[in-house]
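Peer 1: The structure follows.
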Amino acid sequence: MNTTTQKKIPRKDFFKYIINISTSAFLILIVYPIVSFLKPPKQREVEVSDVKISNLDDFAIGDSKIVRFGNKPIIVIRKEKEQFIALSAACTHLDCTVQYKKDESIIWCACHNGKYDLTGRNISGPPPRPLDKFVATLKNNELIITKASS
Amino acid sequence: MKKLFNNIYSWIDERVQISDLVKFMSKKYVPIHSHSIWYYFGGVSLFFFIIQVVTGILLTFYYKGSSEQAYESIKFIMSKVEFGWLIRSIHAWSANLFIFTIFIHMFSVFFERTYRKPRELTWVTGVLLFFLSLSFGFSGYLLPWNELAYFATKVGTDIVGVVPIIGEPLKLLLRGSEDVTGATLSRFFAFHVMLLPLIFSLILFIHLLLVQIQGMSEPVEEKVKGNMPFFPNFFLRDLILWLLVLNILAVLAVFFPSELGLKANPLAPAPAGIKPEWYFMFMFQSLKFLPSKILFIDGELLGILLFGSAGVLWLLVPFWDRKTARGQKNRLINYIGIFAIIFIIVMTILGWVL
């Protein structure tokens with residue numbers, strides 16, 4: 001004799017089950033393309049190893065310049081004739097671009113009054129850590145800025 | 001889950017009394033008769049409008065409305081953004097089907113004389129929505145800044161300039177410069193995503209509110225066999241139809257995706273076989289048939305004035321159809337409707353064949 005008991009699902013529950021599954025599948029079919037569409041496509045980021053400043057005659061002593069290093073801004077300060085300081089210009093607090101204050105001899109962020117000394121150390125205000133350092137080397141009247149080897 | 005829902009419902013109901021609204025909605029009935037099928041086309045048009053809003057907002061996330069970047073940004077959408085081709089294709093197909101279902105909805109209302117008292121304003125707002133939809137189509141067509149769109153806009157705005165006195169200033173208002181340029185694109189972008197949606201939504205709200213307040217119209221000539229509750233009976237049927245329509249839309253968008261063509265070049269000659277969108281074809285073709293001079297009047301001007309007056313008469317049907325208003329049969333309405341449909345179909349076919 002056959003003793004296996006078949007578990008029966010009531011017809012009503014079966015249809016409920018089918019409808020729930022197909023509704024969810026349908027919703028996924030609509031939501032998935034929309035969510036994928038919203039994801040910005042990856043744009044290739046250019047890998048930069050160095051940036052050159054060639055026209056040093058326009059760069060007066062005690063002046064500063066902001067240059068692009070890939071997508072990031074770098075602040076370059078001409079301290080003496082042959083002494084340059086290169087630091088990341090993105091404030092470590094909330095990413096504003098910093099500026100050089102010649103009279104106080106500091107780097108200052110206007111957004112929330114963050115202050116750094118000329119080595120990039122955070123000395124006052126909200127910045128949590130120092131500015132990233134870059135290396136500036138003078139070669140044949142051309143300034144080459146490279147990433148500091150950590 | 002159910003308890004949570006009930007709690008939220010009663011929280012809101014205690015504050016804004018939505019149960020009155022629900023009671024009102026549940027008392028709404030849809031008459032059943034042999035022409036009941038026409039009740040569905042307004043809802044389908046609404047569904048296409050919702051799809052246009054959703055896909056339109058998605059497209060603005062990547063679209064750039066300037067003559068230097070518009071074409072490239074759409075190329076970017078179609079080649080780089082995931083499912084970008086699908087979203088654009090759905091937007092284009094849904095726009096066409098939207099206007100198609102509005103045509104059906106409008107003509108069915110016309111033949112059923114649903115515009116008669118007390119629904120005159122529902123008809124007027126509906127016709128305004130129809131005109132706005134055509135403007136949506138015309139302004140959206142330029143946005144890819146491709147060759148076809150460029151010349152279609154040139155011709156379309158040139159026709160406006162033919163109208164005496166107001167024509168030239170109106171043309172300048174539309175174009176934003178003497179010719180079709182980047183300034184035109186900026187304006188059309190503003191019309192398409194700011195001005196028209198704002199006006200359209202406002203009139204649509206009034207249109208739907210009137211339908212809710214007055215309920216479904218019963219036909220003059222057909223025998224009403226009974227009533228169906230709007231919620232949930234008619235509403236669920238609506239949903240099934242929407243589901244079907246969405247599937248048709250998806251099939252069309254996937255298997256016949258919209259193309260981009262060549263970038264607009266103001267110095268290049270107009271390409272051969274240039275045609276307006278199908279819903280402008282009958283007007284375009286009729287204007288072509290008119291001789292350049294009829295008596296003392298410019299042929300094109302006469303055509304535009306004729307179409308203009310036809311549009312005004314169409315908008316004001318409930319006010320000049322006195323016979324239906326008095327409860328008498330007015331065969332003239334049937335003849336006008338049939339003539340309009342035959343005229344539109346014949347002219348559209350001729351436009352494609354010739």
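Any Cβ shown, glycine's included, is placed from N, Cα and C.
In case it's useful when we look at the structure, here is the feature table from TrEMBL:
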- B:8-220: domain 'Cytochrome b/b6 N-terminal region profile' (DOMAIN)
- B:220-354: domain 'Cytochrome b/b6 C-terminal region profile' (DOMAIN)
- B:37-63: transmembrane segment (TRANSMEM)
- B:90-111: transmembrane segment (TRANSMEM)
- B:123-142: transmembrane segment (TRANSMEM)
- B:188-210: transmembrane segment (TRANSMEM)
- B:239-257: transmembrane segment (TRANSMEM)
- B:302-320: transmembrane segment (TRANSMEM)
- B:332-353: transmembrane segment (TRANSMEM)
Peer 1: Would you confirm whether the transmembrane segment (B:90-111) and the transmembrane segment (B:188-210) meet the contact rule of 3 or more C-beta pairs below 8 angstroms, pairs 6 or more apart in sequence?
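Peer 2: The answer is no, given that the two segments have fewer than 3 Cβ pairs within the 8 Å cut-off.
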Peer 1: Based on DSSP, tally up the residues of the domain 'Cytochrome b/b6 C-terminal region profile' (B:220-354) by helix, strand and coil.
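Peer 2: For that range the per-state counts are 86 helix, 9 strand, 40 coil.
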Peer 1: Considering every residue in the domain 'Cytochrome b/b6 N-terminal region profile' (B:8-220), what is the mean pLDDT value?
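Peer 2: Computed over the domain 'Cytochrome b/b6 N-terminal region profile' (B:8-220), the mean pLDDT is 93 on the 0 to 100 scale.
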